[in-house]
Number of protein chains: 2
Amino acid sequence: MHTDPHTPDLRPDSAAHPHGHRPMGHEAEDERPYGVEPEFVEEIVALLRARERDAVLARLEALHAADIADLIEQADPAERADLIDLLPAELDGEVLSYLNPDLREALIGRFEPQELAAAVADLDTDDAVELIEDLDAETRAQILAKLPDAERALVQENLTYDEDSAGRMMQRELVAVPEFWTVGKTIDFVRAATDTLPEDFYDIFIVDPMHRVVGAVPLSRLLRQRRAMRIADLVAGEVDVIPATMERAEVANLFRQYALVSAPVVDPSGRLIGVITVDDVVRIIDEEAEDDLRKLSGSGDTGVFSGIADIARGRVGWLTVNLATAFLASGVISLFEGTIEQIVALAVLMPIVASMGGNAGTQTLTVVVRALATHELSSANAMRVVGKELLVGLINGGIFAVMVGVIALLWYGPMIGIVIGLAMIINLVVAGLSGALIPLGLEKLGVDPAVSSAVFLTTVTDVVGFLAFLGLASAFLL
Amino acid sequence: MHTDPHTPDLRPDSAAHPHGHRPMGHEAEDERPYGVEPEFVEEIVALLRARERDAVLARLEALHAADIADLIEQADPAERADLIDLLPAELDGEVLSYLNPDLREALIGRFEPQELAAAVADLDTDDAVELIEDLDAETRAQILAKLPDAERALVQENLTYDEDSAGRMMQRELVAVPEFWTVGKTIDFVRAATDTLPEDFYDIFIVDPMHRVVGAVPLSRLLRQRRAMRIADLVAGEVDVIPATMERAEVANLFRQYALVSAPVVDPSGRLIGVITVDDVVRIIDEEAEDDLRKLSGSGDTGVFSGIADIARGRVGWLTVNLATAFLASGVISLFEGTIEQIVALAVLMPIVASMGGNAGTQTLTVVVRALATHELSSANAMRVVGKELLVGLINGGIFAVMVGVIALLWYGPMIGIVIGLAMIINLVVAGLSGALIPLGLEKLGVDPAVSSAVFLTTVTDVVGFLAFLGLASAFLL
């Protein structure tokens, strides 16, 4: 099926998607048509152990850089180093930029600064910046010193912007033309300037004499027009301009909101200084979603490729906070030691009230945190959502009050059934309200609701759960 | 700053991004340069209540369809209906396709089938399909009957594919040319065929006489070449072909893996039948990340725009499962009623052991579930991750055993401190192991680990936590 007359050229600057021999349409349907299979990883590992250097190289040649990065990720640590050492120099940059950041940091020491500088020089500015931003100051300076002057200036300028800003992630290579050019002149310019252009681009930006953006023309629209047409006449509506200081999460929201493929980045005076393309945004959307997940669960910023000490350290903070709140809950229980001594059934049943509250609250919390992150929720509709959660808490509180109450009644008698049912309603209503109000309040205070909401929530549901159940029991059962 | 000589044209088919008067580079930095501000929503709502129809329309005209959708989402339910009724007919389709699906379902009843058919006919197939797939069979049939024959056939064919498949989400409008064409002929074709082409496209697909894909050429590469060049000579490497039956989550992974902007969709015989573009993939990546979050928290498939009954119903299932596991934990506690009666401190302290285990396990679980979803984790490196989590559990178990032990010792004496410390180590090791092994095991069994892992995990950490603490206490303290 593949009739490409060329041998695939693997140099990173030669092709947008220099893909290798992945299976295509005629494959078995349950096979993943991309990435590397575990069997392939095992084959490569076996070859590496047998020191079959050439056989490994032959297999690597057919792979996309993203797949080589996957292969390195899936291999054992010992083989990872071997693979990196084997990598042809012209692949270094692209493979490194696809590699999981934790692993990249661990493996980058295997390269000489000279090699890294060559790898970085092959990349577009955004990928180059990503590669060197995590290096220690000394290595970074060594690499920068070895870059061509023009490239070094651009990379250094990107590095002056905040880590999570549009300026840090933008690519400097772009196509900008003056307003008075025609479609024909623009096409001729692109044909002639082939060396200084980005590898791929999707929009041509139109700038005024001060280099401020006045419009953007998608390539598919340019291509449809006669050569004599003025390019400025192809602009429809205003262009979405990204200030270099914009946070990357907001950049992602902007791309998502207007289904953009690329957008210009401007400095404070409105001058065009770079471009952000959707492939970087896809990565960010992914990382932001993962960040939210990790923050909600308190997993720290470590992943499956982090070192053991980093993982353990990253999680201690959250567990310590959780310990403090657990002791707070214990303090509440200890107020009722006398009651528990008389009715030991309370000790048996009390975790149910707290646990149901925690789970119900987390359900609300997840939805609200996510809606805040995607701007579906704002002060305009917040109170409606809180009202809804109050009612949902009442409805589900009622349902589970009956269920828990009946079981407790069969187990320990009618009075305990009534007490635990009432406590359940109270805690589920409080859980629904807290699940909505805690993240909304934190957002209002300028605190990221994903990070700290869950601690506050479980503190509330534990304390209220134990207090309601043991308090009602003290009042009605003694 | 805006020098576009045209009045922005708002018809949906006239411009890729017909953006309105959003602030640009010169705005205050903390202002969101997109979307609608709460003050703007309030202004519109006030105008609607004052029946200032024309003033509202004037403000809507300057807005992007995505922002009108946002406005509808943020308004009160009563104003939502008013806004929908006010909407100019030519905007209906695009605004509806940007609207949150829950709200769309609620509001679509305000349109006559005739209006909906006109709106659907304005859209590309993928957006048209998304709009009608959730309608009841009768309305859907009414709309389909009113569509032009060619469009109806395409929409109906997309609907034959599974809801979460590439075939359902693909767009049928695309640019395909034969292998022997030149760059010049391709450009002339695009210029002439302007009516039948998609609104935006990023790659030109090259097909053989059987209409099978043999390559893809990004527009930026086409534009750089001389007219006489054969287009087939511009293909580099194989093209990523998507079988129409591929699941959309896998489509998203494929785009992410190779940083694609568009990819061809083929039928089982390899014939080109559609295209998927990155803007749809961005939406899917978002939805999949949100799905994972909701599944992990058991929030059901409802969001902030769902009805109260739907939300309550969507959450009951998970809470019921949680109730069952909570009773299981209670059962374990009840085995030690005699012990608790003698040492009531155990009732005070036991939630700490269970809670710390649950939290530590969730940290591991989150990382592992996410790594499985993004294919960073596979059978090739699974056991290394399990080993790491075992060690992290031991390290953090040790740290928190000391912290909790010391506090318990000061509170209730040395023996209780030792017992709770030991129980803490046991439960944190079990939590780390379960957090990794449960999702890995479910994945192996073909069950989505995001859905059910958390229940199994908290069951394990609760049961083991109570059993270890109360069991050790019975053995050593009585």
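Glycine residues also receive a Cβ, built from the backbone N, Cα and C atoms like all the rest.
Taken from TrEMBL, the feature region 'Disordered' applies to A:1-34.
If you look up TrEMBL, you'll see A:1-16 (among others) marked as compositional bias 'Basic and acidic residues'.
Summarising the annotation, TrEMBL assigns compositional bias 'Basic and acidic residues' to A:24-34 (among others).
Among the features that TrEMBL reports, domain 'CBS' is placed at A:234-293.
Sequence-distant contacts of the transmembrane segment (A:316-336) (same chain, six or more residues past either end, CB-CB distance under 8 Å): 298-300, 346, 350, 354, 455, 458-459, 462-463, 466-467, 470-471, 473-474. What TrEMBL lists as transmembrane segment is A:316-336 (among others).
The transmembrane segment annotation in TrEMBL covers A:342-369 (among others).
Positions annotated as transmembrane segment by TrEMBL: A:390-412 (among others).
The annotation transmembrane segment is assigned in TrEMBL to A:418-442 (among others).
Residues annotated as transmembrane segment in TrEMBL: A:454-477 (among others).
For the domain 'CBS' (A:234-293), residue counts in helix, strand and coil come to 28 helix, 15 strand, 17 coil, using DSSP. Sequence-distant contacts of the transmembrane segment (A:390-412) (same chain, at least 6 residues past either end, Cβ-Cβ under 8 Å): 345, 349, 352-353, 356, 360, 364, 418, 420-422, 424-433. Tertiary neighbourhood of the transmembrane segment (A:418-442): same-chain residues 349, 352-354, 356-358, 360-365, 368-369, 372, 377, 382, 385-386, 389-390, 392-394, 396-398, 400-402, 404-405, 408-409, 448-449, 452-453, 456-457, 460-461, 464-465, 468-469, 472-473, 476-477, selected by CB-CB distance under 8 Å and a gap of 6+ residues from either end.
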